[in-house]
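Here is the structure we will look at, set down as C-alpha cells.
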Amino acid sequence: MSSAAMSSLKEICRGLPLYPLPENRGRRKGIPHAPVRTPNLTAQEKKLALRNALRYFPPEIQKKLALEFAEELRLYGHIYMYRFFPEIEMRAYPIGEYPCKTKSAAAIMLMIMNNLDPSVAQFPQELVTYGGNGQVFSNWAQFWLAMHYLSEMTEEQTLVMYSGHPLGLFPSHHCAPRLIITNGMVIPNYSSRDEYERLFALGVTMYGQMTAGSYCYIGPQGIVHGTVLTVLNAGRRYLKAEDLSGKVFVTSGLGGMSGAQAKAAVIAGCVGIIAEVDEAALLKRHKQGWLMEISNNLDHCIARLRDARKNKIALSLGYHGNVVDLWERLVHELDTTGELLVDLGSDQTSCHNPFNGGYYPVQLSFEEAKQLLSTNPGKFRTLVKESLKRQVAAINRLADKGMFFWDYGNAFLLEAQRAGADLVKRGANKTEFRYPSYVQHIMGDIFSLGFGPFRWVCTSGDPQDLATTDSIAMSVLEESIRQGVSTSVKQQYHDNIRWIREAGRHSLAPVVLSRDHHDVSGTDSPYRETSNIYDGSALCADMAVQNFVGDAFRGATWVALHNGGGVGWGEVINGGFGLVLDGSKEAEERAKMMLSWDVSNGVARRCWSGNDYAYETICQAMKENATLKVTLPHKVMRCDELPSTGLWALKAIQLLGPVVPTR
C-alpha cells in the first residue's frame, strides 16, 4: 500500500474535516446518481430537516453550510452533504492497513468502505449500495463520525448506530458486540412508504435494505450462490431436469443484487436473457465479466436466444431496454410461430421501491422516465401501474403455454397485484399469488434443512487466502457426505461443492466479511423468506428479532436489526450479524455458539409451523446436542379421525376443513 493511501486512511479516521472545510464539488459527473426524491415536506419540515443536518457542525460553520444544504434538499429531496464526499479511493483495503485498536473495528471499517466502493455501490455519492435506496448512511457526516469512532474503539466499548447516525461509543465488555445497528425502527402504525420519504428527508430514519446499512454487502457475488441454487432447483422442480443446457431463463435487472442473474445463468448452464433499462448497469456488469453480451435490438436478442437454445450454449445476454417489451415480444413469437421460447421466468427489478426509481414504465425511455419522476411523480406512478399490468398480462400468456414463473422476493407480484394485475390465486391466503415465490417452491425447504447463503470473505484481500478457505469448506462438505447424510441434505452439499468450484472458475473476486440476512432465520418476510410458513405466523417477526438478540450475546462481532429489506419498507423485519474469525480459540467458541443458535432458531420456528424437513432437522440437532431442547408440534388429527358423534365434532370438522396437514 502506498504511503498516500495509508495517509488517506488516517485522514478519514480523524473525524469530520472542518478546518478548513473541503471544497464543495457537488454531484460528480460520470457516475450514477440516485433518483430525485419527492418527500413533499412542509415549509416547517424543511426547516427541521436543515436544522437536523446542521447539528453535526459547530455554529461557526453552520452559516456557510446552511445554504448549500437547503439547496440539496430542494434539488434532490435529501441532504447528502456532497461537500464531505471523501477524496480517498473508496474500496476495501487489507484489514491490517486500517489504523484501529482492534481487529473487529478494522473489519467493520473494511466492510463499510466496500459497501461504498464505486465498483460495488449503485449510487456511491448518495451512499446507496443497492436496491435503489439501500443506504449505508443517511449523509456523509455520519460516515466520517462512524469511521472516527471505529478507529478509537477498544474491546471494552460498543458503537451504537441509530438508522445511520452514530449515537456514540458506550462502555461494554470484550464479549459484547463491538457494533449494534438498528435501521428504520419506526412505530408500526407509521411505517408507511409515504411516511418513510418524509422521515428520511428529515434525516431521522433510514432504509438500510438487508446488507447496505448493516455493512454486510459483497456485491452481486453475495447473491450468485443463492441464485444458482434457485435456478438449478427451479429446473429440477418445474422442468424435471438436472441439465439446464438449452433451457431459457428470462428476467430483468442488472443492478446491485440482480446483477447476479447473468452469472448464475451461465454457471447453471442455461440461456439467460436479462433486460435492463439503465445502460450504465449493463456496461458495468459487462466490464466486470458478469454479462457476456449486450444488445438493444430485440430481433437480435431473439435470434441469439434461438441459436443458443438450439445448440445448448450457456449464454448471458443483456437486453438494453424495458423488460415489458421483451415479454411482449416473446408473446408475439408465440402468436406468430406457435413456439414457446422461454422455459423459466422471474423478475429482479427493485420493485420494492416502484414509484421512486425501482421500476421504470415501458411507455417512456429511461431518461424520460427519470425526468417525469422528478417533475410529476403522480403521473409516473400511474404509468408504472399500467406497465406492471402489461408485464403480468404477457407473463400470464406464456405461463398458460408452459413457462414457469416465480417471484424472486422483490415485491414484483405484490406491487403488480396492487396495480390491478391479474394475479389472484383462488382460495389462497393474502400472501399468496397466482405464481409462487421462490421460497415457497424452491428455497423454503432448503432453509428448513438448515441451509442458507452464509458467506465468508478474506479480509486480507489475498486471492490465495480465499482459495485456501474454499478448499477447507469443500473438504468439510465432502467429509460430511462420506460420513452419511440424508438424500436431501446430500444434494445440497453437492450443489454447494459445485458452487465453490464454479465460483473460482468464473473470477468471483474476494472482498470482505459477513453474510446476507436472507437465510434460515434472519428474516421474517411474508412475501419472501417466510412465504412458506402456513400456520398464520408469516406476518410475525419474533424469529428475526430473536435472531438479532440471540446473536448479540452469543459472540457476534456486530448485529443489525432492520425494518425493510428486499421486499420493501414496512414489509419485512430482518436481523443479521457479522462475525470476525481470527483463528483464535475464543473466535472458535464464539462461532460454535452463535452459528448453532442462528440456524437452530429458524429451523425450530419452521418446524413448529409444520415443515417436515425442519422437524427432521431439529430432531437430528437435538440428538447431537443434549442441551438443545425444542418444543415439537404434535400430529393434528385429520377429519376422518375425529369422533363422528356430537355437535362439537360437527363444529370441529367444519372448522378444520376436509384435511388438516400434519406438521
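Glycine is treated like the rest: Cβ placed from N, Cα and C.
Copied over from TrEMBL, here are the features:
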DOMAIN    90-216  domain 'Urocanase N-terminal'
DOMAIN    219-442  domain 'Urocanase Rossmann-like'
DOMAIN    445-507  domain 'Urocanase C-terminal'
DOMAIN    509-618  domain 'Urocanase C-terminal'
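When pLDDT values are averaged over the domain 'Urocanase N-terminal' (90-216), the model yields 95.
Across the domain 'Urocanase N-terminal' (90-216), DSSP classifies residues as 45 helix, 24 strand, 58 coil.
For the domain 'Urocanase C-terminal' (509-618), the DSSP counts in helix, strand and coil order read 43 helix, 14 strand, 53 coil.
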